[in-house]
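*Asks:* Just passing along the structure, written as structure tokens.
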Amino acid sequence: MSDDATTTAADASAFVLEGDGSDLDAVTKWITGVRRHLHQYPELSLHEEKTSSFVFSLLEQLGLKPRRMAQYGVVADIPGQVDKPFVALRADLDALPVTEETGLPFASKIPGVMHACGHDGHTSMLLGAAAILLSQVKAGNKPKLPVRLVFQPAEENVAGAKAMVAAGVLEDVAAIFGGHIDRSYPVGTIIVHDGCVNASADLIDITFTGKSCHAARPHEGVDTIVMASSFVMKLQHIVARAVDPSEPAVVTIGKMTAGTAFNIVAGSAHLLGTIRATRVETRDAIRERVRRLAESVAHGYGGTVDVAFRDSVPPVINTSSLYPLAQDAARAATAGCGEDASVRPLPKANLGGEDFAEYLQHVPGFFVRYGAGFPGEPNYSAHTAKWDFNEDCMIIGSQYLAQTAVLAGAKLANQ
């Protein structure tokens, strides 16, 4: 990155919230400007240095005392009527290695890097929620429990949540809330689902080893291209016949590399793929089946195999006891949307991964999806060059997060 194409802490001085956060129009204007600035200066996972500094400075402007965590994570606490436990609200900071093609006037200025998954929006939403909550504190209406604002790095490479947990972000936290922008639904919709909202995600890393030889004398070698091809074909049997058809699951091999020349039998083959499942038991069963199948195929062809599962996250399974609370918060957040307001469950399984699941391994929590579609426009997929979202969803997300903090504080303080 060049020095003239980075977000700096000094840039935050150009983004000052008008008023105290009680005026939603002013908050909307502020977070829209913040989002567009972040969108122009995206940073990849584990490289969010300037983004982190920018958010840190904005939190200081709001009167908070932010602190660093897990290198580029930022955490700040809003006081409640008691010192603890906390209600945590989480957003993610990182971008993707995508070259933007949206044509937006605030398109990415960083070559090959783009906010193509809405994390610029998530960060801005949480800042908006902070402003709203602080306006209530200033008016004498502190939430029952203090609120912890969590700005997490490295969601895209699923390293960030683990690092934040290891650094102690969940210390004294009673529950955590978050959400994700989704162009599949119109603005005014919040998907509030009791159950699994994101699948587990495992990276499969497999290396078959055989014996290289001249292509004219294949009997002298062990062909790993044949071995790997056989494995990929047999792999389709796992989901089709070994998984309950009522349970969504996917096993995909996305990359296979083997061989060095057209006339040499390949001595090794490397495969990369992914497993997705909505139940932990299904995920574990598929992993074991993949391992056993790979070992069986390798043995049958006279080779060996190494199977590893890495960059893994469990499914995001919302805490059922928080479902009514999340519904109430969503209804309050969408109340100003009129006929466009809609609070409903997930209509079909979502097999995308999300490392918010790491927090749910330790504390109760709830994860929603914010409708952010453009009426009449193509629904470009996230992680692609033309993806953008409807910014009108952001103030709804800010209100939802603020409302969950208030409602969760009231609920959990009485437990």
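Here, residue 1 is simply the first one shown, and the rest follow in order.
Quick reminder: no glycine exception, Cβ is built from N, Cα and C everywhere.
According to TrEMBL, the record shows the following:
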type	residues	note
BINDING	Cys117, His119, Glu156, His180, His383	Mn(2+) binding site
DOMAIN	205-299	domain 'Peptidase M20 dimerisation'
*Asks:* Report, as a single number, how many Cβ atoms besides its own are within 10 Å of the Cβ of Cys117 (Mn(2+) binding site).
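*Replies:* Other Cβ atoms within 10 Å of Cys117 (Mn(2+) binding site): 23.
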*Asks:* Taking DSSP states H, G and I as helix and E and B as strand, how many residues of the domain 'Peptidase M20 dimerisation' (205-299) are helix, strand and coil?
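*Replies:* For that range the per-state counts are 42 helix, 31 strand, 22 coil.
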*Asks:* Other than Cys117, His119, Glu156, His180, His383 themselves, what residues in this chain have Cβ atoms within 8 Å of the centroid of the Mn(2+) site's Cβ atoms?
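*Replies:* Here the non-site neighbours turn out to be Asp92, Asp94, Leu96, His115, Ala116, Gly118, Glu155, Ala382.
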*Asks:* Given the binding-site residues His119, His180, His383, which one's Cβ is surrounded by the fewest other Cβ atoms within 10 Å?
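*Replies:* Among the binding-site residues His119, His180, His383, the sparsest Cβ neighbourhood within 10 Å belongs to His383.
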*Asks:* Kindly assign Glu156 (Mn(2+) binding site) to one of the three DSSP-derived states: helix, strand or coil.
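*Replies:* Once the DSSP labels are grouped into three classes, Glu156 (Mn(2+) binding site) ends up as coil.
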*Asks:* When DSSP is mapped onto helix/strand/coil, what comes out for His383 (Mn(2+) binding site)?
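*Replies:* The three-state answer is coil.
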*Asks:* Quick one: give me the count of other CB atoms within 10 A of the CB of Glu156 (Mn(2+) binding site).
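*Replies:* Other Cβ atoms found within 10 Å: 22.
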*Asks:* Could you give the mean pLDDT over the domain 'Peptidase M20 dimerisation' (205-299), rounded to a whole number?
*Replies:* 97
